[in-house]
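Peer 1: Could you have a look at this structure, given as structure tokens, before my questions?
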Amino acid sequence: MDEMQVVEFVATYLKKKGFSEAENALQAEIQRTKNNSSSSSSNNNNNAVDVLNDPELSKFFRSLSESEDSPTRYQDEYSKLRSWTYSSLDLYKHELLHVLYPVFIHCFMDLVAKKYIQEARTFFNTFREDHGMLHLRDLQKLEGVLSPSHLEEMEFAHSLRHNKVNIKICQYSYELLLQYLHKTQSTTMLGIINERINFQVSPGQPSTISDDAEVVTLIGSNQDAANQINQKEVRWGLLEDSIENRLEKMGGLLSDSEKAEGENKEADMDENKKRTAEGGKQGASVKKLKKDKATSATAKAARPEANATPMAPRVKSELALPVTPIEVEQSILEDLRNRVQLSSVALPSVSFYTFINTHNSLNCASISHDGSLVAGGFSDSSLKVWDMAKLGQQTGNSVSQGENDTTPSEDVLGANGAKRSYTLFRGHSGPVYSATFNPLGDFILSSSADATIRLWSTKLNSSLVCYKGHNYPVWDVQFSPVGHYFASASHDRTARLWSMDRIQPLRIMAGHLSDVDCLQWHANCNYIATGSSDKTVRMWDVQSGDCVRIFIGHRSMILSLAMSPDGRYMASGDEDGTIMMWDLSSGRCVTPLMGHTSCVWSLAFSGEGSLLASGSADCTVKLWDVTASTKAPKTEEKSGNPNRLRSLKTLPTKSTPVYSLQFSRRNLLFAAGVLSKSL
């Protein structure tokens, strides 16, 4: 090996390991050496280092060669790094642990790329348990990587190989890590960390464990590309000719609303007098509500001035909207005029529907806007709809409400010849994963593992249309706020936009790296948000089908989404129990919400947007103060500390995971879940 071969070897190594600055400096030095070789060759020869015979250099190149050729170095160095990390001081341990997962998966993929397949499988199986809790979905996908070609063919693995991971870490933790790597001469780990991880080093103390959701930017997400997409303009306002907008313009309606509210209060008082057990407490609460409503009524003249700054702008719809019948408009206006104003001191009433005797076959639950209909999708491919009014007439007690009710809500055959307590819809050939009512409640959509979406009529009790387009199970389907249009999310990693009168999709929205698990419409119907197993939320323009926002920050799959009524904010809930509030205009996280201990399956904003309700597999409904979060960016600038939403109240169930939440137009909160005796 001559001197030029050694130099070329070093240049190749630097390039491969991502040491771009060192590589450029070396290439510049080589060029300079070539230019001056004719005039100073004798001097250079006298002063040159003998690279062929120098023992230190020989040892260095031998170690480089070993690190490139020996698969055992990956397992040895990773095992030592893992042991060192777990034995670190608790103050810095949780930050250093963030480094292990990206190093682990890239060690595995490097071994596969070099065709050490057996060693790669051994390495993967040895250390996978360390990361199973937070990254189970990722590991299940990587299990399918069995050859170098899979690294390019599988989009998820390809993205991991071509994007860096951003990790926030304090200065001292960063220095500790570098000292360890240099001291132990862990050249393989050092190369992977340098090539695959982008550290965002911050001065001061390590981040707290409660901030961990914001520490690691999602693997496989190109932050630069996301930032570029998030520069696009988003018109997040409300529709110009919406019913809510007309109500605001018609000032004369306010006095009517006050009258209606007064009548409702009197009715509430009469009911409370009849309840002797809690008469005193409820009477006091009604008096307090009266006082609050009275003060709010007197302040109505000042209210427009107070809301002038945050008032949502008005935008035109990009879709041709259906015409709303006059009688329906009048009904909606009546509901809006009689809406209860919620706040941190005036929390909503909750009506909880509990499914019993489902034998673990209930996959989803949905509630109509007025709470009169409740639907359940089951593993036996059936969809069942309960009419609450008819239920009350038949049994005198709501079957789906009382956890101690002995009447089975799953009486398919009708015991003793009695009528069924629900309407049974059959047509799917696989488990039903999602159901949604249109705003008027006369249609219901269902999606299934059979890759189809079906439209049903609740008036005719029959199937109307079967929509086919997805290639794999459809996890979620949602009607638009105005009806007629709907969107679907599937295992095929796409979301699709449909209209009721066409059997083919109008738009296909592709870009997620894994399943699209949930979706939500924007209030103005111009955008659709999708949550995915790739741990990102994307927002799409319905007119162009383009992605206009990528929200990065979750550390597990997204299970639920909700849009604020003014269209300015979005909430997303994940598998770990974390909820994040996002500003749609900037694409940034306003604040994370910590409190749930299991999957967040449902989110809902109150009618005026002051409260957020979250339902979880931990058998609780939580209420959060949203109005406090709108001030977060201002206080953040002054204090430097992120302002979190305040948890107002936790409503536990006996043992019922919360599947669905829905605020009525009058701000009554409906919830649904299934009684789980195993909890």
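Quick reminder: no glycine exception, Cβ is built from N, Cα and C everywhere.
Feature table excerpt (TrEMBL):
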| type | residues | note |
| --- | --- | --- |
| COMPBIAS | 35-47 | compositional bias 'Low complexity' |
| COMPBIAS | 256-278 | compositional bias 'Basic and acidic residues' |
| COMPBIAS | 394-409 | compositional bias 'Polar residues' |
| DOMAIN | 69-197 | domain 'TFIID subunit TAF5 NTD2' |
| REGION | 32-51 | region 'Disordered' |
| REGION | 251-312 | region 'Disordered' |
| REGION | 394-413 | region 'Disordered' |
| REPEAT | 355-388 | repeat 'WD' |
| REPEAT | 425-457 | repeat 'WD' |
| REPEAT | 467-508 | repeat 'WD' |
| REPEAT | 509-550 | repeat 'WD' |
| REPEAT | 551-592 | repeat 'WD' |
| REPEAT | 593-634 | repeat 'WD' |
Peer 1: Against which stretches of its own chain does the repeat 'WD' (467-508) lie, if we need a Cβ under 8 Å and a gap of at least six residues from its ends?
Peer 2: 319, 321-322, 324, 430, 433-440, 443, 445-455, 514-521, 523, 525, 528, 530, 532, 540, 542, 545
Peer 1: Please give the sequence-distant neighbours of the repeat 'WD' (593-634): residues at least 6 beyond its ends with Cβ less than 8 Å from one of its Cβ atoms.
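Peer 2: 210, 213, 310, 336, 339, 341-344, 347-348, 350, 352, 559-566, 569, 571-581, 583, 642-667, 669, 671, 673, 676, 679.
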Peer 1: Can you work out the mean pLDDT of the predicted model over the repeat 'WD' (467-508)?
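Peer 2: Within the repeat 'WD' (467-508), the model's average pLDDT equals 93.
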Peer 1: Where DSSP helix means H, G or I and strand means E or B, what are the helix, strand and coil counts for the repeat 'WD' (467-508)?
Peer 2: 0 helix, 22 strand, 20 coil
Peer 1: What are the DSSP helix, strand and coil residue counts for the repeat 'WD' (425-457)?
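Peer 2: Summed over the repeat 'WD' (425-457), the classes give 0 helix, 20 strand, 13 coil.
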